[in-house]
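Here's what TrEMBL has on this protein:
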- 279: active site, nucleophile (ACT_SITE)
- 102, 187, 188, 189: UDP-N-acetyl-alpha-D-galactosamine binding site (BINDING)
- 187, 189: Mn(2+) binding site (BINDING)
């Protein structure tokens with residue numbers, strides 16, 4: 001919606017002897033709250049230095065080269081930012097996929113989320129599973145709800161991963177566009193260990209993978225085969241983003257899911273499967289469509305990794321598991 005406001009402002013174009021006043025008409029696009037809502041697209045093939053996450057002095061870096069915040073402990077006031085967003089009466093949709101034996105992770109995921117994840121906000125979990133009878137009864141806080149969506153099983157974990165973008169795209173189109181303001185898609189084999197609040201909200205959110213935040217981009221596990229739509233040349237790359245966390249405004253996450261699903265379909269038609277399935281396509285998307293905010297590895301750690309000097313608090317972490325025991329195939 002556009003609204004035009006007639007006002008009288010000081011005209012800033014002046015010379016040494018006189019000021020002038022100019023009546024201007026300001027047309028405000030009320031669907032754009034601020035500049036953050038504009039896309040941050042980058043051309044392919046640009047040559048620039050790889051951004052760092054930790055400086056030479058050992059201190060964390062809190063901004064990307066395109067001026068997006070990197071969220072670390074100490075860079076925000078949790079009480080203040082939560083208070084600001086709570087006034088907006090927003091709803092955060094959260095999708096989780098628990099197929100096959102991955103339902104065993106649901107209890108810890110949901111219980112820890114209720115203790116740490118957007119506490120005091122309206123949160124709606126959308127759980128995709130092929131075993132709805134195995135969904136545990138977890139007490140949810142006020143303003144929070146869980147919807148179980150039954151999906152077909154698969155005998156390949158790669159296929160389960162590949163179809164997540166399609167499921168997310170369709171859910172947004174059918175429901176979330178009318179039911180939520182923000183959406184996060186989170187891996188279920190994880191657990192919350194610390195607060196996760198409004199500091200993580202933004203137009204488009206990516207999280208830096210804990211295994212590669214001090215790795216040179218030539219060693220990133222990007223898809224390197226040109227025949228794949230997820231292909232990234234060796235000389236390009238910012239960060240390696242973890243596929244366990246995707247978030248942002250509903251419309252922007254829809255664009256991510258739609259684009260990745262289309263690229264996945266093109267690959268499938270050529271019998272090509274990217275190195276890390278949808279995570280590879282996500283990294284390709286984020287390279288040329290920069291996130292408006294980046295979450296530090298505090299928001300995606302791995303339980304088997306020791307603590308480091310940079311990561312002062314672990315908020316969300318992938319649990320230790322025996323992949324052979326939980327996946328339907330190697």
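Glycine is treated like the rest: Cβ placed from N, Cα and C.
Automated prediction, rather than curation, is the source of TrEMBL annotations.
Where TrEMBL records a feature, it is marked here on the structure.
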| residue | record | CB count, 10 Å |
| --- | --- | --- |
| 102 | UDP-N-acetyl-alpha-D-galactosamine binding site | 24 |
| 187 | UDP-N-acetyl-alpha-D-galactosamine binding site | 21 |
| 188 | UDP-N-acetyl-alpha-D-galactosamine binding site | 23 |
| 189 | UDP-N-acetyl-alpha-D-galactosamine binding site | 18 |
| 279 | active site, nucleophile | 23 |
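Taking every pair among 102, 187, 188, 189, the residues listed as contacting UDP-N-acetyl-alpha-D-galactosamine, the largest Cα to Cα separation comes to 10 Å. Listed in chain order, the extra residues whose Cβ falls within 8 Å of the Cβ center of the UDP-N-acetyl-alpha-D-galactosamine site residues 102, 187, 188, 189 are 96, 97, 98, 105, 109, 190.
Across the fold, the C-alpha of residue 188 (UDP-N-acetyl-alpha-D-galactosamine binding site) and the C-alpha of residue 279 (active site, nucleophile) stand 15 Å from each other. Taking CA atoms as the reference points, the residue listed as 'active site, nucleophile' and residue 187 (UDP-N-acetyl-alpha-D-galactosamine binding site) are 12 Å apart.
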